[in-house]
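Asker: Below are the structure tokens for one structure; questions will follow.
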Amino acid sequence: MRRDNLTWVSEFVLMGLSSNRQIQAGLFVLFGAAYLLTLLGNGLIVLLTGLDAQLHQPMYFFLCNLAVVDICCTSSWVPQMLMHFLQEKKTISFTRCATQLFFSLAVGGTEFLLLAAMAYDRYVAVCDPLRYMAVMGRRCCAALAVVSWLVGLANAAVETVITMRLPTCGQNVLNHVSCETLALVRLACMDVTFNQLVIMASSAVVLLLPCCLVSLSYAHIVATILRIRSTGGRRKAFGTCASHLTVVSMSYGMALITYMQPSSTASAEKDKVVVLFYTVMTPMLNPLIYSLRNKEMKAAMSRVLMRSSETKL
């Protein structure tokens, strides 16, 4: 198709999950509650980590970063989805769509890289405990976090520019709940082979490579745990990694299903469900799985509350 005949739209219409008003009202309550729980749970982690000196450790430094990422991830598009549940016309401008796409890609990529950094932290803690504080010093932790954020932002910038430059020839109805890469690519009216290659390359950098690093770290961790003779020692060592493994399985598993599948088997409806799971449910469950059941986090909460009550007195 000649470039002269290619057109770009000024806004997109989001089909969402349902057109039934009663179902939309129920979804508003469900996702509204999930969003509030996400903000409360992750916000509490950030607050406790900042206020309690005993949580100024590598593991909690990464948990704080992960909590910030989860808050940004859900806030990048859940409020807009909730607003659309109450509106007849579910539109989003081209600029807002591009902004939403950029931030969702940025925090998504950063989360996968942070999970890999956390796997390395657990590897050092289990496999080389005597040198843990020397290896996982402030500089190392800060460097891992900064690299995670920068790579996530750079990847999002490249993918957003390439995706939003695709012409749609007047088509503006997105079969999704937000401006998501695969949904926008499906709307294009020109050859998208290059975009598909970029998506695969991007997934390899921020998803597949970190996943391999996590797998390698846990292969060494499992081998080390199996060499521990006492049952109590093995249980304690595994306990330090169980929560991280649960979060990793949910996050990487859902994303791999979405972005590493052949385009011929891709389904818009399945993509919506998967995206909703790892951008709404996972950020909500992370604090419960990871931190708020943690003894040190509970103790930190008690100390902060005690100091607060003493200050009031």
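Keep in mind that glycine also has a Cβ here, set from the backbone N, Cα and C atoms.
Below, the features straight out of TrEMBL:
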TRANSMEM  25-48  transmembrane segment
DOMAIN    41-290  domain 'G-protein coupled receptors family 1 profile'
TRANSMEM  60-78  transmembrane segment
TRANSMEM  98-120  transmembrane segment
TRANSMEM  140-158  transmembrane segment
TRANSMEM  197-226  transmembrane segment
TRANSMEM  238-261  transmembrane segment
TRANSMEM  273-292  transmembrane segment
Asker: Where does the mean pLDDT land for the domain 'G-protein coupled receptors family 1 profile' (41-290)?
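Answerer: Residues in the domain 'G-protein coupled receptors family 1 profile' (41-290) carry a mean pLDDT of 85 in this prediction.
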Asker: With a Cβ cut-off under 8 Å, give me the same-chain residues at least six positions beyond the ends of the transmembrane segment (140-158) that come close to it.
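Answerer: That would be 58, 61-62, 65, 101-103, 105-111, 113-114, 116-117, 120-121, 198, 202, 205-206.
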Asker: Pairs 6 or more apart in sequence, C-beta under 8 angstroms, 3 or more of them: is that satisfied by the transmembrane segment (25-48) and the transmembrane segment (197-226)?
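Answerer: Since fewer than 3 Cβ pairs under 8 Å link them, the transmembrane segment (25-48) and the transmembrane segment (197-226) do not come into contact.
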Asker: Check the transmembrane segment (197-226) against the transmembrane segment (98-120) for contact, please; criterion is three or more CB pairs under 8 Å, pairs 6 or more apart in sequence.
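Answerer: They do touch: at least three Cβ pairs between the two stretches lie under 8 Å.
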Asker: Is the transmembrane segment (273-292) packed against any residues at least 6 beyond its ends, judged by a Cβ distance under 8 Å, and which are they?
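Answerer: Long-range Cβ neighbours of the transmembrane segment (273-292): 31, 34-35, 37-38, 41-42, 44-45, 63, 66-67, 70-71, 73-74, 77-78, 104, 108, 176-178, 180, 243-244, 246-247, 250-251, 254-255, 257-258, 298.
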